[in-house]
Amino acid sequence: MSQVQVQVQNPSAALSGSQILNKNQSLLSQPLMSIPSTTSSLPSENAGRPIQNSALPSASITSTSAAAESITPTVELNALCMKLGKKPMYKPVDPYSRMQSTYNYNMRGGAYPPRYFYPFPVPPLLYQVELSVGGQQFNGKGKTRQAAKHDAAAKALRILQNEPLPERLEVNGRESEEENLNKSEISQVFEIALKRNLPVNFEVARESGPPHMKNFVTKVSVGEFVGEGEGKSKKISKKNAAIAVLEELKKLPPLPAVERVKPRIKKKTKPIVKPQTSPEYGQGINPISRLAQIQQAKKEKEPEYTLLTERGLPRRREFVMQVKVGNHTAEGTGTNKKVAKRNAAENMLEILGFKVPQAQPTKPALKSEEKTPIKKPGDGRKVTFFEPGSGDENGTSNKEDEFRMPYLSHQQLPAGILPMVPEVAQAVGVSQGHHTKDFTRAAPNPAKATVTAMIARELLYGGTSPTAETILKNNISSGHVPHGPLTRPSEQLDYLSRVQGFQVEYKDFPKNNKNEFVSLINCSSQPPLISHGIGKDVESCHDMAALNILKLLSELDQQSTEMPRTGNGPMSVCGRC
């Protein structure tokens with residue numbers, strides 16, 4: 001085995017034959033790489049790629065070039081034509097091709113000869129497209145039909161890019177013709193007629209020809225303008241008629257420009273926000289909602305409402321509601337559960353130290369079930385409306401309050417009858433002897449009211465009254481005692497008026513629009529009562545009105561004990577037969 005000692009910038013080392021061969025190859029390769037090349041350097045593998053700038057990301061260059069290449073000439077031409085108001089139309093032309101050989105298929109027998117060849121190579125097909133834009137034509141060629149379109153669009157772009165953009169002007173108060181390219185002639189006729197307030201009428205004037213080849217003539221009239229159109233169908237004839245009359249409508253003078261006045265929207269002023277726990281908060285708010293909001297602001301349990309009792313006659317129910325807030329409880333009464341619940345909430349607000357909200361006239365006064373504020377000394381006289389038998393709804397109202405009773409809230413006045421306010425009562429002839437100029441009247445006698453109520457109840461339920469018979473026997477001048485029960489309410493009321501010494505007066509009205517009689521009754525008791533009845537005849541009207549008065553008189557003792565009434569004006573109820 002031969003050994004060679006090689007020294008290359010390193011200490012000498014003994015190498016074997018195979019190691020010498022590898023070492024020689026490595027030494028020979030090092031000088032070659034360091035020798036500069038005098039000839040032109042060959043292109044590297046990445047020579048064809050663009051040199052990227054380190055400052056710009058490669059993705060931006062790629063996206064910019066891709067975006068530039070994605071916009072084809074046809075897309076650019078479409079955008080330019082929209083600005084110019086022109087429509088490009090592409091028309092394909094038959095591609096050009098030379099005559100080709102039959103490829104030896106013309107041999108008889110249909111067999112190929114032993115030697116066959118193509119006489120010449122087949123040239124590629126060239127597609128042609130003709131582009132027309134606004135009267136100008138451009139021809140494009142390409143290997144594909146799309147390439148031919150791009151060629152024609154590129155030629156059109158070179159010429160159309162130099163044309164100025166047209167100014168959009170309104171013609172005859174209408175949109176320009178370019179804007180109406182996508183609108184049918186019939187739509188344009190209706191638009192012009194609508195702006196000029198002209199009537200439009202399409203009518204088929206005549207039709208001719210055999211059933212399978214009919215010809216229609218349609219006549220259109222737009223105000224004073226008339227046009228006719230002919231076609232093989234009604235639709236085509238209607239369109240042609242619209243085209244004919246549209247030419248006349250375009251000659252009309254332009255409409256005057258009218259400036260529309262923009263409506264002024266008044267901004268609502270923001271109310272002053274008060275804390276929900278302050279006593280002044282909630283003036284005018286429903287007491288039920290106000291009480292719930294106060295409890296929510298305090299972060300306490302919401303109020304609990306409970307129905308305690310129901311009392312009174314079926315038509316004169318009185319409900320008692322109880323509300324509980326923490327350790328406090330309050331009650332409220334009313335003709336229905338809603339009113340009782342509201343009154344209970346008001347009483348609870350007073351217990352908690354909040355001001356009771358003033359009643360808002362959300363409903364007509366005669367139908368309102370709420371009371372006006374409590375009268376203060378020196379403020380003058382107050383009038384509050386309430387229902388008969390409703391009692392003291394608030395439980396905290398002053399006993400000196402004066403009340404006036406309208407007709408029942410769940411009933412309505414018939415046609416021709418006015419509410420019994422003092423002025424109306426005076427107009428229909430109600431006795432005004434009890435009303436002085438200062439609207440004062442002596443308070444009713446509670447004992448007499450109790451006797452009257454007792455007699456009325458006896459007459460209502462039995463037809464006879466032992467109490468009245470005893471009074472008549474003691475008072476010789478009062479009259480005779482009737483024999484047998486009284487069945488009609490009018491007779492019972494007449495008998496009661498003779499016993500107690502008050503007057504009853506009936507006033508009859510003509511038939512209303514429902515062919516019914518209406519009668520008005522005036523009772524001069526203390527307090528005076530007014531009612532009316534409706535029926536098929538006068539007698540039934542009198543009975544119904546008298547029945548209402550008797551029912552009120554039967555409850556006088558309850559009203560006198562629960563709530564004294566010293567106010568002016570008669571009490572009024574209504575009834576229907």
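Glycine too: its Cβ is placed from the backbone N, Cα and C atoms.
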| said: Candidates are Arg115, Arg158, Arg457; I want to know which one Swiss-Prot annotates as omega-N-methylarginine. | reply: Arg115
| Swiss-Prot annotates one residue of Ser40, Ser44, Ser390 as phosphoserine; which residue is it? | Ser390
| Quick one: which of Ser41, Ser176, Ser478 has phosphoserine in Swiss-Prot? | Ser176
| task | Using Swiss-Prot as the reference, determine which range in 34-55, 210-231 is annotated region 'Disordered'. | result | 34-55
| said: Among Arg108, Arg196, can you tell me which residue Swiss-Prot lists with the annotation asymmetric dimethylarginine? | reply: Arg108
| field | Candidate annotated as phosphoserine in Swiss-Prot, where the set is Ser278, Ser465 | value | Ser278
